[in-house]
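Residues annotated as disulfide bond in TrEMBL: C96-C123, C215-C242, C448-C475, C565-C592. What TrEMBL records for 96-209, 215-325, 331-442, 448-559, 565-676 is domain 'CUB'.
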Amino acid sequence: MSAVAQGCLQAVTTHQIIQLEFIRFNTEHGDYVSVYDGENSAGLLLGRFDEDSLPGDIMSDNTALFVSYQSDASEVFDNGFGFEIRYTISEDESGCRGNPMVLRGSAGTFSPNNTQYGHAMNCGWRIQVETSKIIRLEFIRINTEHGDYVSVYDGENSAGLLLGRFDENRLPGDIMSDNTALFVSYQSNASQVFDDGFGFGFEIRYTISEDESGCRGNPMVLRGSAGTFSLDNTQYGHAMNCGWRIQVATSKIVRLHFLRFFYYYYCYNRVNIYDGPDSSAPLVLSACGGTRPGDVVSSGNTLFLSFWANGYHPYNDFRIVYHAVEPVPGCLGSPVTLTDSSGIIAIHSFWINVNCSWIIRQNSTGIIRLEFIRINTEHGDYVSIYDGENSAGLLLGQFEEDRLPGDIMSDNTALFVSYQSNASQVFDDGFGFGFEIRYTISEDESGCRGNPMVLRGSAGTFSLNNTQYGHAMNCGWRIQVATSKIIRLEFIRINTEHGDYVSIYDGENSAGLLLGQFEEDRLPGDIMSDNTALFVSYQSNASQVFDDGFGFEIRYTISEDESGCRGNPMVLRGSAGTFSLNNTQYGHAMNCGWRIQVATSMIIRLEFIRINTEHGDYVSIYDGENSAGLLLGQFEEDRLPGDIMSDNTALFVSYQSNASQVFEYGFGFEIRYTISEDESGCRGNPMVLRGSAGTFSLNNTQYGHAMNCGWRIQVATSKVSSTN
């Protein structure tokens with residue numbers, strides 16, 4: 001049969017609560033006991049129950065509970081069917097009756113235990129303190145159904161910042177207040193308790209203390225020459241926002257060293273360090289995860305450290321030691337200018353996120369040399385050298401890690417040295433990190449400081465040895481002579497990097513004719529001037545010097561020009577003689593000339609004694625006073641020409657060599673000349689033969705190239721001539 005039973009339980013006052021406890025329960029499937037929070041079934045349904053699952057306790061949230069029972073018309077199979085419910089009305093001291101419970105005292109606990117635990121509960125507890133106090137919550141235990149939440153708010157009610165929401169049996173870490181109150185709420189849904197409620201509920205311990213942590217609105221101010229501060233696991237809580245300001249004497253800077261840094265690998269929590277008194281200063285470090293940071297140095301006398309946690313992982317802590325230290329010149333925001341003749345620039349330990357700079361300045365006649373004594377920085381922490389007073393100058397080199405650079409020389413009146421480190425991890429705790437650079441300022445006698453060195457004297461050497469050899473160098477030497485002189489350069493040694501060139505110009509500067517450009521260890525042949533000056537330049541790039549033997553040495557000699565190789569050709573006099581260019585004279589880009597001039601009745605004969613020139617280095621013979629005459633022959637390499645005879649009153653011999661390499665000892669040539677009466681008929685006017693008989697000939701010694709000979713035989717008018 002079907003039945004309906006219902007009743008209303010009314011509390012006496014608004015500050016009382018009604019609690020229902022099911023003593024026994026056994027109904028048919030579909031025969032429901034329903035509980036409503038209110039005076040009738042229009043109230044909130046707190047639960048509907050059938051069969052033999054014993055519900056947990058139910059508490060009212062209003063001034064009445066309404067209980068109804070409805071059975072259907074199906075058969076009853078058991079005489080034990082029915083239910084029994086005990087109700088109690090009591091004062092509301094649980095915080096679960098509309099108004100939250102206000103907790104007083106410096107410490108205590110609060111909880112809804114198993115007898116209080118019920119469905120559709122809405123409870124609240126408020127802890128309020130003075131502005132100088134801090135509240136800490138410690139969960140002793142928690143075991144709620146899924147979806148039955150304990151929520152903690154930083155404020156007087158649920159309008160405050162939600163610091164955490166927890167259910168089931170995951171024990172949260174400690175929670176600390178950031179305001180003058182914490183509000184804890186508990187809300188349960190109307191679902192079934194599956195273990196009869198045994199053990200369900202939670203218990204929280206609260207403590208109120210003076211705020212000495214820096215985690216309560218106002219940061220902790222640390223003074224003194226040294227100290228430590230930390231946040232360990234016992235202090236650690238969720239949704240923390242802590243701050244520490246370190247302030248030292250105005251003449252000092254702050255150095256922080258992380259003694260311990262253990263954080264969950266995912267960045268749920270973060271430590272930020274600012275270069276100044278608060279978080280509005282420049283951020284120099286933001287650290288999280290499992291990697292301990294390196295040391296941090298301030299640019300002034302304050303550092304601010306903040307810690308922020310989002311409530312995800314409790315097993316984190318750090319410990320930091322700070323010291324007031326003397327500031328490193330150049331690392332305080334503006335570069336330091338160095339003008340002493342020598343000194344040291346150094347960073348003796350590893351600091352993260354620093355930006356240091358130094359200007360080394362000298363007068364216009366000096367030169368600055370940098371020598372790296374040691375360098376050991378992390379990858380990405382660079383020492384940069386610029387040729388000038390700031391980073392707008394030419395970058396001469398950028399160095400990192402432990403690769404020791406070669407010496408660096410200035411090309412201007414200043415060198416700018418900068419060091420920038422990032423915020424990454426130091427893997428050997430900073431041991432040995434840093435760098436040390438020695439600088440020296442001296443007079444520029446090298447030719448490597450803007451103005452070339454002018455070399456005087458009849459002979460001498462100039463060089464760039466290994467101690468002088470450096471990166472990004474631009475050196476010059478100029479040798480100048482009178483118009484009657486010549487300059488000869490002899491390379492004693494050369495060993496430069498690939499791309500570091502020694503260049504020779506025929507003139508006072510690099511605008512002259514390029515006679516040769518040399519690198520590495522290929523020793524060039526001698527070079528002779530064709531004008532009144534030779535200019536030698538050396539330019540090196542910024543790459544690494546791998547060998548201690550780098551450099552070069554050149555010998556120069558100045559002498560009278562008797563070679564014909566100095567602008568004006570040599571005029572040869574006398575009835576016979578030789579002229580030559582031997583191996584010691586043989587050079588690149590030469591232009592030599594010899595002129596032999598005779599009377600109209602004379603003839604000039606040239607005989608090549610030897611010739612050995614490079615391909616493209618020509619000996620040319622002209623029938624005349626200069627190269628405007630008829631070209632009688634042009635000869636190169638080791639092919640010995642036949643004799644050459646003049647057809648005019650002069651022969652001009654020229655020699656021109658290119659700028660390529662001399663590969664073999666013995667280069668040069670030698671020519672014999674002879675001057676004689678022209679009896680050959682091969683010298684403009686034909687030979688006149690007289691007499692009743694005679695012979696004429698051209699033998700091997702007379703035979704030559706481009707000959708034009710004539711013989712005229714004249715006899716008495718009564719005779720005829722015969723050549724038979």
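Using the three backbone atoms N, Cα and C, a Cβ is placed for every residue, glycine included.
No curator has checked TrEMBL annotations; they are predicted automatically.
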Cα distance (Å, whole number) from C123 (disulfide bond) to C475 (disulfide bond): 87
Best-contacting stretch, by C-beta pairs under 8 Å, relative to the domain 'CUB' (448-559) and drawn from 96-209, 331-442, 565-676: 565-676
Cβ atoms near C592 (disulfide bond) (within 10 Å, other residues, all chains): 23
Length of the line joining the Cα atoms of C123 (disulfide bond) and C215 (disulfide bond), in Å: 28
Spatially closest candidate among C96, C215, C242, C448, the listed disulfide-bonded residues, to C565 (disulfide bond) (Cα to Cα): C448
Inter-residue Cα distance where the pair is C592 (disulfide bond) and C448 (disulfide bond), in Å: 33
When distances run from the Cα of C592 (disulfide bond) to each of the disulfide-bonded residues C96, C215, C242, the nearest one: C242
Alpha-carbon spacing, C242 (disulfide bond) to C96 (disulfide bond), which is rounded to whole Å: 33
Structural state census, the domain 'CUB' (96-209) (DSSP three-state): 0 helix, 60 strand, 54 coil
